[in-house]
Amino acid sequence: MNLYWLLILPTITAFALLLGNNLKQVRMIAFGGALLQMVLAFILLFAFWQQRSAGNTAPMLFENNLSWFAPLHINFHTGVDGISVAMIMLTSFVVLSAVLVSWKMDMQYKTFFFLLIFLSIGAYGFFMSLDVFTLFFFLEIAVIPKFMLIGVWGSGKKEYSAMKLALMLMAGSALVFVGLMGLYFNTADTSGAHSFDLMQIAQMHIPVEAQMIFFPFAFVGFGIFTALFPFHTWVPDGHSSAPTAASMFLAGISMKLGGYGCLRVATFLMPDAAHAYSWIIILLSTIAIIYGAFATMMQKDLKYINAYSSVSHCGFVLLGIGMLTETSITGAVMQMVSHGLMTALFFAAIGMIYSRTHTRMVAQLGGLLKIMPFISTVFVIAGLCSLGLPGFSGFVAEMTVFMGSWQNPDTLYRLATILACASIVVTAVYILRAVGSTVMGPVTDEHYNALTDAGWYEKLAAIILIAGIVAIGIAPFWLNQLIAPVAATILKK
Amino acid sequence: MLNDFFILMKFELLPAVIFFVLLFIKVGTAELSNASIIRLANILLFINLVAGFFYNKDGGMFGDMFHTNALIVLQKSILNLGIFIVSLQAEAWLRTHKHVIEFYLLLLSSLMGMFFMISGANLLMFYLGLELATIPLAALANFDLEKRKSSEAAMKLIMSSAFSSGLLLFGISLMYGTTGTLGFAQLPALLNGSNLQVFAFVLLFAGFAFKISVVPFHLWTADVYEGAPVPVTSFLSVVSKGAFIFVFASVLYTVFKPLADTWYHMLFLLSVLTMVIGNLFALRQQNIKRMLAFSSIAQMGFILIGISGSSQAGTASAVYFVLVYVFTNLAAFGVVALVSAQTGKEDITDYKGFHATNPVLAWVLAIALFSLAGVPPTAGFFGKFFLIMAGAAKQNYWLITIAALNMIVSLYYYLNLVKALFMDANASPVPKITFGVYAKLAIVICIAGMVLSGLASVVYEYIYNLSTGF
């Protein structure tokens, strides 16, 4: 399996889109491209399993190392381990269903699909990069398409949200950039040359003083992407102003770039600092979990509800990373995958409801189950997954985080764990309230009676995501087997 | 010997030949139409650009007054490329202008001056080249003959140029007074860091800072950029600045190497000032040319960071950034030139809703802005990354942090313009702009350059291998 296909295919798709003459052709090309991405992701998964079961224990598989900027020791080094495979799978799921929910996009559709597919290049490239420079390159590549998607196709105060998102994410990249520079100039191999190579840096010992300075830069920088408190403020505005597909991508994948970066770059490469600063990470993530949950209770707009609950849920990711036990890190990655699928499903359902009722206000919605049973069911499933019902992925992921966190015997850490656990009750409150009053009860507006249920494309989009959620919920071991060995490697360093 | 003369001075001779060809056409009897003059000039400039790549040789002449090597050849070729694109973009404006040939004559003599300046291996030669490069610029800035703002721009340019030349000349004479020589080869050994020498160096440094509009010597920039015709502005901001940066870097690295500690701190201070002030002023600009002027000031701050790295990567990243900047800024100015030539509109608010009427030009401008902001996959990202990386080699992380924060500020005003182009509604947007084959060619070159010179690492590697540092 050559990983470059995951970059080449979206690139070809994106440019093929521009040749399409009408919406039908364009969306078929986008759909075909996204479907092929998914096929490639599955091929990658099976090839990965095959290698692992054949006893290949190399930390990274399918490696490719091309020299890019030789004088600066920058290589186009790609390869995957279990976590990367899981994230690549997640990306392919979300991209495909994002294309499907945008089936009726009629405004500047060519550019819209181009930007959407372009975003996926950034995500795939990011997850497969083993060179910190390329990782950073792909991290930044996705910022501008998001700005354009929100600003042009968004709703509400879209310009403000787009600008806020772009500037905050760029600030995150800027911090990451400083962190990477510090990292680079503190590496030296046997010949004294600096290195950007992730696997090489992992073998070296970065001086502890340097780690203490640059870990915060890298961690906070990536943390901004994943809604680290108090830098989460772009999340609610960005998500709620974005068009459905962009919201799905933002919450489903883009926020995961941050978590992955915190784990792969900050924690993996600067372990001493990670241990020293873990209490701050835990403190901030606990605040994010609880604050996010309570803030969600006050929201009246469905998209804001999901956006704030994303802050809370992504807090679990950072909590798991901060706890620094094998189980908690495994849980953090599972939570990334699970939250990616779940939140994408949630946004898809909200988008479907909004495109019909033209409102996202909980108070104005009601009795939708009678009118659009499929969409309502999807909405309920997304809600139940979000509150952590057993059988869905959310339960597995959050449970693993809690188990892992409890392994940390320190009293304060246990207190944080208990507080985080308690937030689930709040989650249940807001989810049940929002879902209940939207789906159940009398129909609030008689115009709603004339509305239709989901089209085939919407059904397909939802089914893809639900399949992923249920697969993890019922049989979590396959995901666990991908992640746990990597978590162990990260901690062993 | 004669052969050497022609090969070593090829870059200077070619513009001279073109200059005389055009001059003879001007004084000859045949009345050529504007269109055919422009066509001829562009063809000649293209030949000039291509000819630069062949038959090059290292060497010096005139008793070490003049020298050339592979890096200098590359720098001159970058300027040749810049002037070719500028000339392509000027077509929309020159088509109806009364003095087409004069425009090219002035442009070429300025280019020739820059080449002599870059090749100068003696402060005297350098100064002569610099004057030849600067004086035609003042006439060019006044080329919208009937516009008052244009004359005002020319006046400001000539005053500030004269002042900075005075500073340079004073510095040069003091330098001569303390060392007794002006040759680049002899100077380093005679520099001992005495107070008078440092003073002379500061004067020289200030003269340079004027030319590349580094804060606090930037005050002329915005007014001149705003008043001058757009093609002249783009020439000033890209080609002229590029030439001064080349010389600045090489003079610092070779001649003033013994004073490296002194100029490192000066560069640090000036780059921070330049970035911060350039960016903050750019935030408030209403006129797109003024905004680009302040943004180009801020970009100079980034270049100073690269130069402060003073390693091989320092030279390489500065030269590379100028190449990237040629494509990027000329793409931005190209669109502005088209709009300005056809509608006369130059305010940012005029660009609201631009995408609705001119989707292609809107995307070209947007990509150029992304590249200016340093967003991948455009070449601007690589340019900025390598500049800051070169500076970071000194392990001065304050400088990089300030630079990184400045990138966010600059992103804000670039995105504000993108927002105006794509997202803001406008009752009377700029009408559909028609553009001819010249402008199309310029756009294609710029876009290809912005994409390829970044992603294709050979460009940077080539420059790096030619570069020197210490």
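Residue positions begin at 1 at the first shown residue.
Keep in mind that glycine also has a Cβ here, set from the backbone N, Cα and C atoms.
In TrEMBL, annotation is done automatically, which means it is predicted and not curated.
What TrEMBL records for this protein:
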type	residues	note
TRANSMEM	A:6-23	transmembrane segment
TRANSMEM	A:30-49	transmembrane segment
TRANSMEM	A:82-102	transmembrane segment
DOMAIN	A:129-415	domain 'NADH:quinone oxidoreductase/Mrp antiporter transmembrane'
TRANSMEM	A:133-153	transmembrane segment
TRANSMEM	A:165-185	transmembrane segment
TRANSMEM	A:213-235	transmembrane segment
TRANSMEM	A:276-294	transmembrane segment
TRANSMEM	A:306-324	transmembrane segment
TRANSMEM	A:336-355	transmembrane segment
TRANSMEM	A:367-392	transmembrane segment
TRANSMEM	A:412-432	transmembrane segment
TRANSMEM	A:460-479	transmembrane segment
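Remote same-chain residues near the transmembrane segment (A:82-102) are listed as 6, 27, 30-31, 34-35, 37-38, 40-42, 44-45, 48, 112-113, 116-117, 119-120, 123-124, 127-128, 243-246, 248-249, 252-253, 256, 260, 263-264, 333, 336-337, 340-341, 344-345, 348, 351-352, 457-458, 460-462, 464-465, 468, 479, 481-486 (criterion: CB distance under 8 Å, separation of at least six residues from the stretch ends). Same-chain residues lying 6+ beyond the ends of the transmembrane segment (A:30-49) with a Cβ under 8 Å from its Cβ atoms: 1, 3, 5-6, 9-10, 12-14, 16-17, 61-62, 80, 82, 85, 88-89, 91-93, 95-96, 98-100, 113, 116-117, 120, 124, 482. Recorded stretches compared: A:165-185, A:336-355, A:367-392; the one with the most Cβ pairs under 8 Å to the transmembrane segment (A:306-324) is A:336-355.
Beyond the ends of the transmembrane segment (A:6-23), by six or more residues, the same chain brings 29-30, 32-34, 36-37, 40-41, 44, 88, 105-106, 109-110, 113-114, 117-118, 120-121, 124-125, 128 to within a C-beta distance below 8 angstroms of the stretch.
Of the ranges A:165-185, A:213-235, A:336-355, A:367-392, the one with the most Cβ pairs under 8 Å to the transmembrane segment (A:460-479) is A:336-355.
Using a Cβ-Cβ cut-off under 8 Å and counting only residues 6 or more beyond its ends in the same chain, the transmembrane segment (A:165-185) has close neighbours at 132-133, 136, 139-140, 143-144, 146-147, 150, 194-196, 201, 206, 210, 213-225, 231, 233-234, 237-238, 250, 258, 261, 265-266, 269-270.
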